[in-house]
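Chemist: So that we are looking at the same thing, I have put the structure below in structure tokens.
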Amino acid sequence: MKIFVNKLISVILTLFLVSIMIFLVFQVLPGNPAEIILGVEADQAQIEKLEKELGIDKPMPVRYFEWIKGLARLDMGKSLKYGVSVKDLFVKRFPVTFFLTLYSLFLTVAIGIPLGIWIASKENTWYGTLASWITQLGISIPSFWLAFMLIMVFSLKLKWFPTFGYNAMGGSLLDKLHKFFLPSLAISLSNIATIVRYLKSSILDQVRRDYVRTARVKGLKINKILYRHVLRNALIPVITILGIILTSSIGGSIVIENVFALPGLGSLIVESVSSRDFPLIQSVVVAIASMVILINFFVDILYRVIDPRIRGE
């Protein structure tokens, strides 16, 4: 319980510091929201009047605490570009990013874990070595470049998947899985390579332990040892990697959404940056940062629950 409370306090302090940093960054950026809304032909009196209506004429500490107070009430302010609540825009765009992130995580686990086990079992073979080289290459490939290559091959040439510019959340579940496959694959391929490399290392480390040698001396088959004992212990550290992969998938979706023209939070951030929509940018960014921090918190707690070696630390 003490560890949980300490971690929770750490999360709250981190969220507080992150909110301050995000707020300050967007306050020092060039561009007056009132001037952007009214245009270059507006006179000073009109600009000052709108600044007062928007509350940007107040001191910075006052604006920060009003913004935080609004976030605590789930009031994220009003978008300068769209003229509607930031919360409404967030709720509308979030399902796309959420589905894309979960889909890419599913592909990572469904492909990465079996592949990692197979490569570890074929360590001393030429095809196992080749697979290790390929996974190493996969880690270094940028997801946006991979996305363009996937579009060129599977959308433009083979025409198996749509290119971009579609209503991603429309249709049945199978239709969504089909439409989201390429962007999810673009995010997950480097993550698959990461989990394969990490799982292979973890399995080989377990194979060298004394309990494996003892089991082999007793006559147990290597496959039985692998799946009943080694894999169970080797998968525990992978949970930490999955937490990191999940948070990186959220960041990767921001880039990939713009490549595939998906109407998610990533494209919303780019649109708001181009229009200097500061209330929208800072609220969406702090929401994404909060999700990342909370995911890391729950992964850390889960890791301590399932691993008795660090439960008492």
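Glycine is no exception: its Cβ is also placed from the backbone N, Cα and C atoms.
All TrEMBL annotations are machine predictions without curation.
Features from TrEMBL:
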type: DOMAIN; residues: 94-303; note: domain 'ABC transmembrane type-1'
type: TRANSMEM; residues: 7-29; note: transmembrane segment
type: TRANSMEM; residues: 98-121; note: transmembrane segment
type: TRANSMEM; residues: 133-160; note: transmembrane segment
type: TRANSMEM; residues: 180-199; note: transmembrane segment
type: TRANSMEM; residues: 234-260; note: transmembrane segment
type: TRANSMEM; residues: 280-303; note: transmembrane segment
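Describe the structural context of each listed feature in the structure shown, including burial, neighbouring residues and relevant distances.
Modeler: Beyond the transmembrane segment (7-29), the same-chain residues lying 6 or more positions past its ends with a Cβ under 8 Å from any Cβ of the stretch are 60, 63-64, 67-68, 71, 276, 278, 281-282, 285-286, 289-290, 293-294, 297, 300-301.
Within the chain carrying the transmembrane segment (180-199), a Cβ under 8 angstroms from the stretch's Cβ atoms is held by residues 99-101, 103-109, 111-113, 115-117, 119-120, 131-132, 134-139, 141, 143-144, 146-147, 150-151, 154-155, 161, 168, 234-235, 237-238, 241-242, 245, 248-249, 252-253, 256-257, 259-260, 262, all 6 or more beyond its ends.
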Chemist: For the transmembrane segment (133-160), what are the same-chain contacts with Cβ under 8 Å, counting residues 6+ beyond its ends?
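Modeler: Hits for the transmembrane segment (133-160): 115, 119, 182-183, 185-187, 189-190, 192-194, 196-197, 252, 255-256, 259-260.
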